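J.: Here it is, the structure in full.
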Ligand code: FAD
């Protein structure tokens, strides 16, 4: 049996992997996590994807427990600021499109334009975002009915991304260091062996498979399966097993970031229920609201901006609150390992791949990777077909997200300097070029977006294309010949629902203060 697992790395990926494997297999496997106290974790990665709830539910964790412990907040979507023009904003919400007479409401919007805000006309979330609302009422009920919601205190059934049939309306922001600590306690209390030490060598057997990792003070740690969670360095997969890395840098040029943790008085300022992504001269700045502080960082391409300039820009953006804070400069490896699973080593997290932080997909990739690992867990014969199937799923997921992110830069109306002008002429992934042309005549649908699972549905592509405004779009021709009354009524219903929710939902701060 394959039952002895050694995980190297104790960042978000190491502890998510350890706790998930324990939740899946319990006492039937032994799990060791070895992490260095000399090599820091990346120190960022705090906004997530709505599907992350499957992870917490799988572990049996309740929002009422883990959210206050990790200073977590709700995220209903991403607010894109200045991507279509300075001073403009729009939301990419976790909300599917309504459909009227067989056409998504966004098609009808192109025809009728009830207002200048396509997001507020099509999605209830835009009003909740603008007005800093919680997605839950004070009694814990979710604002949107029809979702398989367990309530903030419930965590009874275990599902994975594969069972995602509805669009859950929110994700979370959390303090990554606190989450790693929370998951460490979860894992250790369920039998995970926690070794704090440096891995100094990776030992290979005659076939070139990993037999053990050698540590500085705890000797050799032997295992059947090794999970590489060592971050961008890919100590086991890329270094010891020499699995090549496939760079995405030719299509996604941002390769650095500088980050700050800014304490704020959230009672006074309120807590926005969204991640903000503000377009800048050489990239974009994230603003992630936690219960007690903001996480913020400038993601940029060093071809256009020096680290000093980026830090200065970020500090100016934050204002007086940035004074005296230490900046974390990060070099990013953009792309993926050719195969994330080779021989008896699986890379999860940054060692597997990373497609830059826009759209918060890092933790989603971790979740996808470990869910797939459980679904493809090796039998004694270590079938190559099993590994091929795993690698296909992981590679497709990252390649699909790459397409979606390239669309953000190509599709942005912003065109005011070399960085944004180059974004319009830079190479795009082969198939995306054709899709971009097609979407000008037929808005994205399930049939004409990247064809494999990558977490994003057609509505996300539509929301981005409409919000970015850089690519001309047309309503379906059929709408010229159809009666638009039902669509006009649906726009009215969106407005009325939003108005009603603004009247009844508490602010995000009010709701979370109660949890604390
Ligand atoms: P790391 O955090 O780098 O951890 C590596 C671990 O390996 C550490 O514990 C270290 O001690 C250990 N280690 C290394 N070498 C050794 C050794 N020799 N011996 C023992 N241990 C060793 N994702 C999101 O989902 N949302 C976001 O908003 C987001 N923002 C991001 C912003 C930036 C700028 C970047 C770069 C990433 C972002 N991500 C985001 C991705 C997210 O941060 C990562 O996916 C996540 O933190 C997982 O990192 P990791 O655990 O793979 O690696």
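Any Cβ shown, glycine's included, is placed from N, Cα and C.
Taken from TrEMBL, the feature active site covers 75. Feature annotation from TrEMBL assigns 7-chloro-L-tryptophan binding site to 75. The FAD binding site feature in TrEMBL is assigned to 199, 350, 363. Taken from TrEMBL, the feature L-tryptophan binding site covers 359.
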J.: Looking at the recorded positions listed here (75, 199, 350), whose Cα lies nearest to that of the residue listed as 'L-tryptophan binding site'?
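T.: Sorting the recorded positions by distance from the residue listed as 'L-tryptophan binding site', the top entry is 75.
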J.: For a Cβ distance below 6 Å to any atom of ligand 1, name the recorded positions from 75, 199, 350, 359 that qualify, or say none.
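T.: Listed by sequence, the hits are 199, 350.
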J.: For residue 363 (FAD binding site) and the residue listed as 'active site', determine the Cα separation and express it in whole Å.
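T.: Between the alpha carbons of residue 363 (FAD binding site) and the residue listed as 'active site' there are 14 Å.
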J.: Just to verify a number: CA distance, residue 75 (active site) to residue 350 (FAD binding site), in angstrom, no decimals.
T.: 23
J.: How many other Cβ atoms sit within 10 Å of the Cβ of residue 359 (L-tryptophan binding site)?
T.: 22
J.: Whole number in angstrom, please: the longest C-alpha to C-alpha distance across 199, 350, 363 for FAD.
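T.: Across 199, 350, 363, the two farthest Cα atoms sit 24 Å apart.
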J.: Reduced to three states, what secondary structure does DSSP give residue 75 (active site)?
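T.: DSSP call for residue 75 (active site): strand.
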J.: What does DSSP call residue 363 (FAD binding site) in the simple three-state scheme?
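T.: Residue 363 (FAD binding site) sits in a helix per DSSP.
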J.: What same-chain residues, at least 6 away in sequence, bring their CB to under 8 Å of the CB of residue 350 (FAD binding site)?
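T.: Long-range Cβ contacts: 11, 13, 42, 231, 232, 333, 362.
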J.: For residue 363 (FAD binding site), list the number of other Cβ atoms lying within 10 Å of its Cβ atom.
T.: 25
J.: Let me know how many other Cβ atoms fall within 10 Å of the Cβ of the residue listed as 'active site'.
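T.: There are 28 such Cβ atoms around the residue listed as 'active site'.
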